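What TrEMBL annotates here:
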DOMAIN    34-481  domain 'Major facilitator superfamily (MFS) profile'
TRANSMEM  108-127  transmembrane segment
TRANSMEM  134-154  transmembrane segment
TRANSMEM  166-187  transmembrane segment
TRANSMEM  199-218  transmembrane segment
TRANSMEM  224-243  transmembrane segment
TRANSMEM  327-351  transmembrane segment
TRANSMEM  372-403  transmembrane segment
TRANSMEM  423-446  transmembrane segment
TRANSMEM  458-477  transmembrane segment
Amino acid sequence: MFKRCRRHICRLPGHKVESNRKNMVPARAVLYFLSFSGFLVSFMMRTDINIAMIAMARLPPPSPYAANASSTPMYCYDPANMTDELAADNITKEEGEFDWDATTQSTILGSFYWCYILSQVVGGILTQHFGTKTVFGFSQFITAICSLLIPTAAPLHYGAVIALRSIQGIASGLTWPAMYAMVGHWIPAIERSRFMSSFQGFSFGIGLTYPLCGFLIAHFGWRVVFYVTGSVGILWCLIWWLLAFDTPAQHPRITPSERRYIESNVGNTVVGEKGLVVPWHSILTSLPAWSIGITTFGRIWIHYTFIIPGPMYMKTVLGFSIQKNGLMSGAPFLCSYVSSVLFCYLADVLVNNKLLTLTNVRKLFTAMSQIVPGLLVLAIGYLGCNITLVLIAWFCAVTLITASYAGAMASVVDIAPNLAGPILAFAQTIHMTASFLSPIAAGILLQESQTLEQWQQVFWLAAVISCGTYIFFQVFGTADIQVWNYPNQKIPVDLIQPLQPANCKQNGTAFKENGEAAED
């Protein structure tokens with residue numbers, strides 16, 4: 001009379017069948033999509049001006065090679081043979097609309113990051129009081145509105161653009177602490193590494209923005225770039241507001257089985273109240289928290305060495321054309337998402353199969369994200385003009401950096417799920433300073449010339465900082481929940497034992513409706 005059921009409620013006489021469609025997409029999978037797309041859109045609105053600036057500002061004429069005749073250049077091409085290519089590039093350059101010198105342009109681009117760093121702690125505090133849905137949603141909305149206003153502000157004065165970019169930086173700085181806080185409420189520890197790959201939406205955002213903006217500028221002008229990215233941001237906010245919820249208990253469409261699975265696996269590590277007092281003294285005196293901030297400072301330093309001065313190396317030393325430079329600079333970011341998914345999946349496999357403790361997994365993947373890229377960036381400086389090997393080392397280094405999302409970055413949630421937002425804010429305040437210190441240091445080292453010899457100094461500095469800061473995480477890093485995670489400063493008895501995978505038959509499958517495999 002009754003059919004045996006696997007995942008859905010069976011029909012009973014006079015009993016209404018639960019909708020299969022409702023169970024098809026787990027709420028955690030929807031949250032993964034929202035996180036990935038949210039960071040993608042955020043970085044679209046953040047980086048669109050980097051390429052739009054080329055069409056906005058009138059560029060000065062290129063300096064002749066004779067200006068560096070007094071030095072002994074080390075290039076992988078003969079400058080004498082570059083005349084035709086440079087001439088062709090100059091013909092295709094857009095004249096620009098505003099007389100902004102290099103200092104003004106740098107101020108416009110840099111103003112985002114000054115305020116971005118300052119808003120990290122604010123983001124953690126706001127998230128504790130208002131929740132991720134409100135903080136993340138409004139931060140994206142404000143950023144989108146500013147993007148839409150930039151075409152109107154630019155003709156008025158460059159100061160108006162700086163003001164809008166500063167507001168964008170403040171708003172965008174709230175997103176990371178907010179999303180980390182939501183992870184602590186929604187994602188069990190054994191799924192956390194895989195979920196962290198959703199943060200790599202920013203890589204797709206960077207990788208897609210440059211070709212998209214180039215197409216829009218060529219066909220419609222630079223103003224359309226901001227109208228498109230701003231409109232996409234507004235549309236995303238509407239989707240977020242309809243589908244995002246701070247906790248499983250607040251979700252109106254989550255299935256009871258998925259809610260039970262989530263709450264049974266994270267219920268003892270988080271508390272439901274938004275008004276939990278942040279123990280700043282405990283965070284500021286916590287060696288595990290400091291180890292996260294210090295070691296990720298090194299990761300950001302080497303990452304931004306590739307992002308900002310990296311394309312200049314490809315042009316001035318390797319002699320790549322603008323088109324080839326853009327392709328080679330952007331392609332690794334599209335590959336970064338794939339690598340982050342792989343690393344996070346491998347991390348979960350190691351934990352679920354009890355091959356390594358969660359702490360050792362975090363340290364292993366942190367080493368992969370900093371030690372190996374540090375050695376590779378050093379090798380790039382000494383591979384000379386073997387362009388094939390240089391590009392292989394370049395791609396491998398950028399790809400391996402994403403292993404941090406299964407390493408130190410995941411430890412943000414591990415050590416204090418209740419306070420993931422404030423901890424991330426604290427760590428980001430430390431490590432995001434590298435986002436502007438790294439290119440400044442490169443500029444100082446390359447001030448006299450941009451020869452291969454000078455670039456070796458840039459790569460040496462990046463390698464030493466990347467590898468050196470990892471030592472802090474190796475010594476003080478952990479995945480153990482800290483006692484100050486709880487309001488009463490006391491870890492529950494059932495969490496004193498070492499972390500083990502949840503008592504369910506997941507077999508490594510991400511985001512099932514509940515944590516249990518169907519029984520025959």
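Cβ from N, Cα, C; glycine included.
Only residues 6 or more beyond the boundaries of the transmembrane segment (199-218), in the same chain, are considered here, and those with a CB under 8 A from a CB of the stretch are 35-44, 46-48, 50-52, 54-55, 94, 179, 224-225, 228-229, 307, 326, 330-331, 333-334, 336-337, 340-341, 402, 405, 409. Contact check: the transmembrane segment (458-477) against the transmembrane segment (372-403) gives at least three Cβ pairs closer than 8 Å, residues 6 or more apart, which meets the contact criterion. Against the transmembrane segment (108-127), the recorded stretches 134-154, 166-187, 372-403, 423-446 differ in Cβ pairs under 8 Å, and the greatest number is found for 166-187.
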